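Q: First, the structure itself, so that you have it in front of you.
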Amino acid sequence: MNYSTRQSSLTKKPPDVTKNRKLKTEQLLKVDDHDFTMRPAFGGPAIPVGVDVQVESLDSISEVDMDFTMTLYLRHYWKDERLTFTSSTNKSMTFDGRLVKKIWVPDVFFVHSKRSFIHDTTTDNIMLRVFPDGHVLYSLRVTVTAACNMDFSRFPLDTQTCSLELESYAYTDEDLMLYWKSGDESLSTDDRISLSQFLIQKFHTTSHLAFYSSTGWYNRLYINFTLRRHIFFFLLQTYFPATLMVMLSWVSFWIDRRAVPARVSLGITTVLTMSTIITGVNASMPRVSYIKAVDIYLWVSFVFVFLSVLEYAAVNYLSTVQDRRERKMRDEIRERSLPCACGMSQTRTMILDGNYSEADTNSLAGYTSRTMVSEEDVEMPHEVMSEKQAPREHMVVHLSVSSESTTTKKKGIRALKIIQNTHAIDKYSRMLFPGSYVLFNFIYWCSYCIGA
């Protein structure tokens with residue numbers, strides 16, 4: 001019995017004051033013995049505060065509001081000798097957020113943040129770990145929405161760089177030195193982080209000094225990340241529909257120019273559809289004062305569609321002008337052929353049928369005339385023919401048409417052949433419009449894809 005008692009006393013571990021339930025936390029850490037409203041080593045050199053961050057998720061990127069939302073674990077490391085305690089096993093003590101209100105903690109805030117909150121389900125997501133030598137680890141889980149200055153001049157073929165900035169609100173660099181605890185390794189991310197519209201290319205950290213004219217210099221830490229936009233969504237929703245509308249407008253070049261309702265309705269439909277596409281794209285974008293890459297493509301496509309409507313307007317107008325001019329030429333030729341055309345090379349025969357007076361005959365003097373007998377009169381016997389009415393008399397007049405007027409007409413038509421021939425306009429449009437649009441696409445995609 002004595003041997004077992006002696007052996008148990010030898011193997012028994014020394015008591016750990018950190019596990020003593022009779023000793024309160026405030027008494028162990030001597031919270032009531034110090035003024036924690038002042039920073040550690042107050043009046044001395046700046047206290048170094050190390051920071052590391054673990055990004056849990058990148059929740060959303062908003063182009064309209066120009067901001068992003070991120071959930072992260074923010075950890076601070078510093079030493080406060082006022083929190084030293086005795087521990088034979090050198091074990092740390094871990095507390096929740098209730099002790100944070102009783103000791104000094106760094107006043108780090110997010111620069112350019114719009115909204116932020118500490119998660120509180122099921123309790124406040126705050127952890128405080130104190131080591132016997134006074135080193136402190138302060139960790140919290142926070143979601144922050146911060147501004148990101150985006151450049152949409154290459155949208156949707158753009159690459160955006162955003163940054164989350166951390167800084168002490170009250171303490172300048174003379175009182176608090178904020179730094180990344182492990183350099184670039186201070187920032188860790190989850191490999192499963194992904195966004196629907198962006199490819200996360202790179203996370204990295206930087207640090208600089210920020211100056212405020214009223215208060216001085218402050219240490220500022222940056223969490224930088226680069227996002228490259230996925231283009232496939234916009235190809236399906238914007239570029240392909242716009243291209244199809246432009247190609248649909250070319251169908252009118254193969255429709256008969258006399259089918260006015262078909263060509264006009266097709267042109268108006270494509271114009272209205274392009275307007276709807278442009279409105280839908282701009283509705284999801286901020287109202288920037290510069291031209292975006294998608295604006296160039298959509299507006300050039302809109303111009304092609306609009307020009308196809310103007311092309312038919314030109315065809316219709318020139319067709320009307322051509323018909324009117326030809327009608328006028330026919331009237332002039334008819335008027336010029338009435339006077340004597342003696343001595344003219346080209347002749348026509350005009351038959352004047354019916355009763356005519358002697359004055360009419362004299363007016364046609366110089367023209368060859370003869371009496372014509374119909375075939376019925378030729379077949380009838382002479383006796384029957386004598387009993388009936390005498391054969392009707394016809395005057396055959398040989399008229400000449402001026403070759404000069406014909407030559408003038410041919411020259412005028414030849415000179416305006418391309419302009420007045422509506423079939424030629426449609427024919428050239430069938431080649432000019434597709435060729436120009438293909439050239440535009442080649443220049444557009446080479447400029448933005450190679451530049452990216």
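Yeah, the Cβs are placed from backbone N, Cα and C, and that goes for glycine too.
Unlike curated entries, TrEMBL annotations are predicted automatically.
OK, TrEMBL features for this one:
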- 28-230: domain 'Neurotransmitter-gated ion-channel ligand-binding' (DOMAIN)
- 238-445: domain 'Neurotransmitter-gated ion-channel transmembrane' (DOMAIN)
- 231-252: transmembrane segment (TRANSMEM)
- 264-284: transmembrane segment (TRANSMEM)
- 296-319: transmembrane segment (TRANSMEM)
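For each listed feature, how buried is it and what is near it?
A: Sequence-distant contacts of the transmembrane segment (231-252) (same chain, at least 6 residues past either end, Cβ-Cβ under 8 Å): 156-157, 197, 262-263, 266-267, 270, 273-274, 277, 281, 294, 297-298, 301, 304-305, 308-309, 311-312, 429-430, 433-434, 437, 441.
Only residues 6 or more beyond the boundaries of the transmembrane segment (296-319), in the same chain, are considered here, and those with a CB under 8 A from a CB of the stretch are 238-239, 242-243, 245-246, 249-250, 252-253, 257, 260, 263-264, 267-268, 270-271, 274-275, 277-278, 281, 419-420, 422, 425-426, 429, 433, 436-437, 440, 444.
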Q: Under an 8 Å Cβ to Cβ limit, what residues of the same chain, 6 or more beyond the ends of the transmembrane segment (264-284), are close to it?
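A: For the transmembrane segment (264-284), the list is 63-64, 238, 241-242, 245-246, 248-249, 251-252, 255, 294, 298-299, 301-302, 305-306, 308-309, 312.
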Q: Please work out the mean pLDDT for the residues of the domain 'Neurotransmitter-gated ion-channel ligand-binding' (28-230).
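A: Within the domain 'Neurotransmitter-gated ion-channel ligand-binding' (28-230), the model's average pLDDT equals 91.
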